[in-house]
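Structure first, then comments.
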Amino acid sequence: MNTPVTIIGAGLGGLVLARVLHLNGIPAAVYEAEPTPTARSQGGMLDIHDYNGLLAIEAAGLTAEFRGIVLEGRQAFRFLGTDGTVLFEKDDDGSGGRPEVQRGDLRRILLDALPDGTVRWGAKADTVRGLGDGRHEVTFADGSTVRTDLLVGADGAWSRIRPLLSAATPEYTGESYMETFLHDTPARHPAVAATVGAGAMYAPSATEGIVAHRESGGTVHTYVSLVRPLDWFAGIDFDDPAAAAARIAREFDGWAPELTALITEADRGPIPRPLHTLPLGHRWDRAPGVTLLGDAAHLVAPNGEGANLAMLDGADLGRALAAHPGDVETALAEYEQAMFPRTAEVPSGEELMASFFGDNPPEGLLAELGALPTASDDRPGRTPR
Ligand SMILES: Cc1cc2nc3c(=O)[nH]c(=O)nc-3n(C[C@H](O)[C@H](O)[C@H](O)COP(=O)(O)OP(=O)(O)OC[C@H]3O[C@@H](n4cnc5c(N)ncnc54)[C@H](O)[C@@H]3O)c2cc1C
């Protein structure tokens, strides 16, 4: 079968691309491995930035729909010490420029804005080969194939399309997240609800950390971060959530109980999420008829930009293709020349701190982060790296 613009992956990046192409009258087909739109919980709050993600939403013509899914008040944030003391807090005064939405809601408004049948669910790309003249053939896990003049790898960290362009593969960063969910927290976990507050709660230390977000319906979604080798996690049975939670919580010995409750009282989890990255500045030589966007192109450890950048990639690529009808190579070159430099750097620790506190980070927080542990450091909650 021949398809028009062929996008592998219906994540946020691939869907924004399909939508911008649709707005410009360019047909596209999106092939997604998941069997249905609701097969997997999309989980997670995303703050969408006015300098990248929001621009993509605008290009997709979905600003009004986006406003309808913003969770008001969620731009509030607070930093806690490991003893539960609030070191810094800021209410959501509406001036943040980073509206918070649930990833699942964002994906839904994008899906709803595409013509029926654009996304082919249950289509897991398996292998891909060049046919010459910029044409490619993708073979799916069920043995079916498509041939296309323009192939876009929007299939995330473990892209099946990337090998056409680059030999790079993701490497473990040394850090993993354990994801937990506590539901209906005001009624069922009031101490946790009070600790997390109205928006985001960060409790960092030098080698561990807990980040929690208040989602809709009183759910608190937490990422517990641990800097440990992969084989350390391999020794934990995550199929036994209670035992896994107890094991993870031991690493937070000495932390305030209202913080460790985010692990031990979880209704779901801990679910391990090892963090991987492609080499920073990953790029490739222009190859006819194929390109990448989002994590497939520039996977980094979560820094609050990945989904925003994936959407901006999709919008930019869609606009470039619309601007150069009949000249795919010029469009791809234009897209890549803009995308490579903006993804070649990640915000430094200082820049991330400045995005929260300006020039005046709270001293208590610096003390928490600055007391780097050593192998002989036996203070509670301070596991050496
Ligand atoms: C724990 C965690 C927290 C994060 N928090 C944030 C945050 O707060 N803000 C932010 O901006 N970013 C965040 N990110 C980063 C963000 O999730 C990614 O950068 C973003 O999802 C990339 O979008 P994408 O469309 O490129 O890829 P993805 O979202 O990964 O979508 C890829 C799609 O391709 C499909 N797929 C994969 N393989 C195949 C195949 N072989 N065939 C067909 N389909 C396939 C997948 O099922 C998926 O639907 C976080 C990441 C992690 C791991």
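Quick reminder: no glycine exception, Cβ is built from N, Cα and C everywhere.
Copied over from TrEMBL:
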{"type": "BINDING", "residues": "Arg40", "note": "NADPH binding site"}
{"type": "BINDING", "residues": "Asp47, Arg103, Asp295", "note": "FAD binding site"}
{"type": "COMPBIAS", "residues": "376-385", "note": "compositional bias 'Basic and acidic residues'"}
{"type": "DOMAIN", "residues": "3-173", "note": "domain 'FAD-binding'"}
{"type": "DOMAIN", "residues": "289-337", "note": "domain 'FAD-binding'"}
{"type": "REGION", "residues": "359-385", "note": "region 'Disordered'"}
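Recorded features from TrEMBL, shown on the structure.
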residue: Arg40; record: NADPH binding site; DSSP (3 states): coil
residue: Asp47; record: FAD binding site; DSSP (3 states): strand
residue: Arg103; record: FAD binding site; DSSP (3 states): helix
residue: Asp295; record: FAD binding site; DSSP (3 states): helix
Using DSSP, what's the helix, strand and coil tally for the domain 'FAD-binding' (289-337)? 32 helix, 3 strand, 14 coil
At the level of the C-alpha atoms, what whole-angstrom distance separates Asp295 (FAD binding site) and Arg40 (NADPH binding site)? 18
Neighbour-count leader, CB within 10 A, binding-site residues: Asp47, Asp295: Asp295
Taking residues Asp47, Arg103, Asp295, which bind FAD in the record, the widest Cα spacing (Å, whole number): 17
Given Arg40, Arg103, Asp295 as the binding-site residues, which ones have a Cβ positioned under 6 Å from some atom of ligand 1? Asp295
Nonlocal residues around Arg40 (NADPH binding site), in sequence order (Cβ under 8 Å, 6 or more apart): Glu34
Measure from the Cβ of Arg103 (FAD binding site) and count the other Cβ atoms within 10 Å, all protein chains considered. 16
Over the domain 'FAD-binding' (3-173), work out the mean pLDDT and round it to an integer. 94
